[in-house]
Amino acid sequence: MVQTVPVTRYIAAIDQGTTSSRCIVFDAAGTIVSQAQREHGQRYPRPGWVEHDPVEIWHRVEAVTRGALDQVGLAPADLAAIGLTNQRETTVLWDAATGEPIGDAIVWQDTRTDKLIAELAADGGQDRFRDRCGLPLATYFSAPKIRWRLDRDPDLRRRAADGAVRFGTVDTWLIERMTGAYLTDVTNASRTMLMNLATLDWDDTLLAAFDIPRAMLPEIRPSSQVYGEARPFGGVPVAAALGDQQAALFGQACYSPGEAKCTYGTGSFLLMHTGDTPTPSRRGLLTTVAYRIGDQPAAYALEGSIAVTGALVQWLRDNLGIIGSAREVNELAARVPDSGGCVIVPAFSGLFAPHWRPDARGVIAGLTGFVTRDHLARAALESTAWQVYDVVEAMNAEADTDLTALKVDGGMTASDLLMQFQSDVLDVPVLRPSVSETTCLGAAYAAGLAVGFWPDLDALRANWAEQRRWTPRMSAAARAGGARRWRKAVARSLDWTD
Ligand SMILES: Nc1ncnc2c1ncn2[C@@H]1O[C@H](COP(=O)(O)OP(=O)(O)O)[C@@H](O)[C@H]1O
Ligand SMILES: O=P(O)(O)OC[C@H](O)CO
């Protein structure tokens with residue numbers, strides 16, 4: 001019998017995130033073979049504005065992809081496919097003929113569209129488009145960012161209507177650079193506020209409400225499908241794209257209704273798989289597409305998006321200087337048994353899920369002469385857990401079934417204190433997998449499925465292994481007392497801006 005020796009044995013996943021781009025090469029067991037990472041610049045031209053240079057992002061992506069291959073002496077021919085995952089909602093415009101960006105990308109955190117959002121919400125309320133796109137009116141999503149650009153440049157609007165200007169989320173921008181194809185994956189499209197969740201196509205009512213021409217939008221495609229050949233990387237098939245939070249859900253093998261993960265980074269994002277029909281939310285969660293594999297029906301998720309979690313730790317480091325590194329927050333917090341009655345609500349850019357209150361601003365409540373920087377460090381970590389608690393409460397009520405365990409990933413899961421406190425306040429086990437790079441892993445899985453590198457979801461599920469588990473230790477009375485104090489602090493953060 002003649003044995004065939006496979007010549008391509010790896011999948012590369014590119015994760016283009018808010019602060020950095022990374023590329024991780026995985027083998028068939030889902031084990032990391034190599035990785036490279038590079039940061040890109042954050043531009044803050046005015047208060048509340050956040051921009052990225054799309055060309056710089058592309059150069060970082062090129063560099064990390066080559067870097068990850070070079071580290072272990074791999075050539076593009078050793079790859080079966082490339083999978084892409086990306087920061088979501090961030091809005092790029094470029095010239096259809098030249099491919100050159102028109103201005104910088106407007107990042108998801110940017111709040112310049114707050115007046116436009118207030119005007120749109122004045123006519124029908126914040127939830128007026130929820131039944132179509134699953135999202136509340138918020139500065140977070142792409143549609144208001146596109147509209148802001150078109151409103152300020154009549155010539156741009158005219159060219160956009162003629163198809164001479166292209167809009168894309170970061171997946172679209174990078175896929176066009178790699179393959180020449182102009183398309184978006186359905187999970188990214190579901191974050192624009194322009195896609196209808198039922199038809200999975202651009203929605204004429206939403207396009208009219210935001211005054212955005214269809215001619216400037218890409219074709220919506222499944223998340224796992226060969227899109228084209230990556231010309232700068234030896235023609236390897238680009239075979240998946242997913243928003244980064246959906247990719248983490250996929251990498252955590254949450255393939256059945258009720259399975260959930262939370263990714264703790266700059267912000268934190270909890271997604272629960274809800275099956276193959278969209279579940280509407282009446283409690284401030286987002287209804288979003290989880291993934292779509294080829295021509296199979298799409299899977300949907302409920303999402304609780306929290307804008308500021310790890311960013312608060314960075315703020316303690318960079319703005320207050322009470323810690324020298326993110327890791328140090330744990331050393332301070334561990335010196336005290338509790339936060340000394342102090343509660344931080346880090347509503348730096350309003351509160352996202354489940355409150356959606358752009359008028360909120362950060363507060364430190366309960367200050368007394370007793371409170372030290374150790375208590376502040378502890379309160380900072382606890383604020384992450386309480387924000388996730390709010391989202392889980394909404395999720396339980398919405399899904400009509402209580403979460404029984406939470407899979408976690410992301411940079412903040414390095415904090416043992418936070419993970420224990422999270423398990424305590426949620427009263428469920430918190431599980432961290434052996435491969436913590438779930439975002440890249442999810443993109444690799446989706447690409448691998450498209451090219452037959454992995455046969456099916458069962459094979460991917462078999463790769464998931466628990467590395468660490470935290471179980472609840474807190475009394476019900478302590479949990480209830482903490483929740484009460486948290487709710488009072490949240491109430492004090494509201495109605496701050498005019
Ligand atoms: N040991 C730690 N304890 C607490 N927070 C941490 C720790 N290490 C990193 N962080 C926080 O986690 C975030 C980085 O996580 P990461 O998953 O890389 O984020 P992102 O993908 O959003 O850039 C930073 O905001 C940092 O403050
Ligand atoms: O790039 P991250 O990890 O900060 O994720 C950003 C989210 O996709 C925003 O919705």
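The backbone N, Cα and C atoms fix where each Cβ goes, and this holds for glycine too.
Heads up, TrEMBL stuff is auto-annotated, nobody curated it.
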Out of Thr18, Thr19, Thr309, which is the one TrEMBL records at the sn-glycerol 3-phosphate site of Arg88, Glu89, Tyr140, Asp244? Thr18
I'd like to confirm something. Which of the binding-site residues, Thr18, Arg88, Gly310, has a Cα closest to the Cα of Gln245 (glycerol binding site)? Arg88
Among Gly310, Gly411 [binding-site residues], residue with fewest other Cβ within 10 Å: Gly411
Integer Å distance between the CA atoms belonging to Glu89 (sn-glycerol 3-phosphate binding site) and Gln314 (ATP binding site): 23
Kindly state the mean pLDDT of the domain 'Carbohydrate kinase FGGY N-terminal' (10-251) in the predicted structure. 96
Got a sec? Which of these binding-site residues, Thr18, Gln245, Gln314, has the most Cβ atoms within 10 Å? Gln245
